[in-house]
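According to TrEMBL:
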- N92, Y94, H104: 2-oxoglutarate binding site (BINDING)
- D107: substrate binding site (BINDING)
- 50-134: domain 'Alpha-ketoglutarate-dependent dioxygenase AlkB-like' (DOMAIN)
Amino acid sequence: MKSFQLGDSWDLHGHDIGDEWHDCERYFFHALSFVLQPRDTCYVGSVGFPELSYSGYQPHAYSWDEFPPLKDILEAVHKAFPGSNFNSLLLNRYKGGNDFVGWHADDEKLYGSTPEITSVSFGCDREFLLKKKPSKMSQGITKAPLLSLSL
């Protein structure tokens, strides 16, 4: 896992992107019950990239040109990972200590057979947890600190 500081110019904490934030007050099926997604999201994708769909939900896809600060961050990520070609961003906003992303797999078909993700953190420090899908060969959880303004 790679980490670096993006710097003060990347501070989007409290950045108001207006109506583009979608309160995901929608229920999706998880663990034999319907649960509320506990966060706000905004999805940005490259032109021509298929739209994202997960847990029966399909967020509206905005273009990078609609969010210049996010386009700048995409360019910084590409510089940090030479040869990378990230093409979309699911921005999550956590309004308090009870908002989160639960265990999930970024295995949507549109990302191909070996998807790569990057996490850029703004605001409170959090712990990023990774675990392999259950198998005889893999066990345990990998933990990485997500400091504010880090990748």
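All positions are counted from 1 along the displayed chain.
Glycine is treated like the rest: Cβ placed from N, Cα and C.
No curator has checked TrEMBL annotations; they are predicted automatically.
Secondary structure of the domain 'Alpha-ketoglutarate-dependent dioxygenase AlkB-like' (50-134) per DSSP, as helix, strand and coil residue counts: 19 helix, 17 strand, 49 coil.
Binding of 2-oxoglutarate is attributed in the record to N92, Y94, H104, and the widest Cα separation among these residues amounts to 17 Å. Around H104 (2-oxoglutarate binding site), a 10 Å sphere centred on its CB holds 9 further CB atoms from the protein chains shown. Excluding the listed site residues N92, Y94, H104, the same chain places R39, T41, D99, F100, V101 with Cβ atoms within 8 Å of the centre of the 2-oxoglutarate site Cβ atoms. Over all protein chains present, the Cβ of Y94 (2-oxoglutarate binding site) has 16 other Cβ atoms lying within 10 Å.
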